[in-house]
Structures are given as C-alpha cells and as structure tokens.
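What Swiss-Prot lists as N-linked glycosylation site is 26, 32, 68, 74, 86, 97, 118, 144. The compositional bias 'Polar residues' feature in Swiss-Prot is assigned to 141-152. Taken from Swiss-Prot, the feature transmembrane segment applies to 161-181. Sequence annotations record features per position, and here Swiss-Prot assigns region 'Required for endosomal and lysosomal localization' to 189-195.
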C-alpha cells in the first residue's frame, strides 16, 4: 500500500471503530431473557356475560327524550325545570318549587345556532412566527410614536439523545480525518535515507 492509501485506510478504520463503540454504548440495555415454565396449565374458556345496568330517568339529557321515555320497570319520567337552582333535569321523583313537564308540548324549544361542518368551516392555522402589529399612539400637539409589542416566540426545547450521540460521532470522525491527514502531510516532509 502506498502512503496516501495507508493513511486513508487508518482514518476509515478508526472512524468505523468509533462508530461501533458508540453504537455499543448506545445499546447498553441487555435483554432480560427467562426460560418459560415447564409446567403447563389447562385453560378453560369462559364466556363473559355483561348485564345491562338498569335504565334510570337521570340518563336522559333532554326534555323530549325524558318525557317520551318508557322504562322497563314502568317508571314515569318527568322533566323538571327548577328556576331557583337554575337547573333542569330528568327525574322520576316530583320536586317542590320546580315546574314539571310531562308532555312534549310543554317542552320549550331552545333555538340553536347551526354548527359549521367540515365542508363549510375554514381551517385556522397559527402563524409560525408571531408578527406583532405596531400600534400608533397620537396625542394633540405631540409627535407620532410607534410602539411594537414584544412577545416571546414559542420554544420547544427538548434533549434528543440520538442527535447528541450523532453529533459526537461526527465531530470525532472529522477530528480523526484531520489528524490522519496531518500525519500524512508530515510524513511527506521527511527525508528518506538509504541504509
């Protein structure tokens, strides 16, 4: 091998060894392997039956559904409108100081505003960097003064271990290449003497 290729070979070898040692130190956790138990147990399949909880009047959240409810245990639900407590709810018990509504005709319809769907809603995006708008303050007999509000940009600073290790490997690799290039150049300056 000539002197130039020998230096590059050593640089590549050192870089490969450095990368391998960094990879081994990164995967320091050894797998915890245990032998499976030798005894076997017979698994008996069981079926899980879920019972439906009894339906109560409290499960209804609107006047119409409460009044139209027909429960399995013949309970009549009544929509209660308690103005003093500012509370409306469905119950099977009558409460004093509350207005009872037993038919859908007595249920008041609350006007609702239409909720935009995905097809009509415009997506709102947050600006990537806040751009404060300057405000101009003027007073009688004074000069215009422009005041720009200051705000801190959002930062997500987290430590990334993989990038840190990659940076170390990169710096050490560059240093190894520079070192071997320096050694190569120094070896060319020597005078060779015959024996």
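Quick reminder: no glycine exception, Cβ is built from N, Cα and C everywhere.
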Sparsest-packed among the glycosylation sites, when each Cβ's other Cβ atoms within 10 Å are tallied, from 68, 86: 86
Residue 97 (N-linked glycosylation site), number of other Cβ atoms within 10 Å: 9
Integer Å distance between the CA atoms belonging to residue 86 (N-linked glycosylation site) and residue 68 (N-linked glycosylation site): 23
Distance [Cα-Cα, Å, rounded] between residue 97 (N-linked glycosylation site) and residue 86 (N-linked glycosylation site): 11
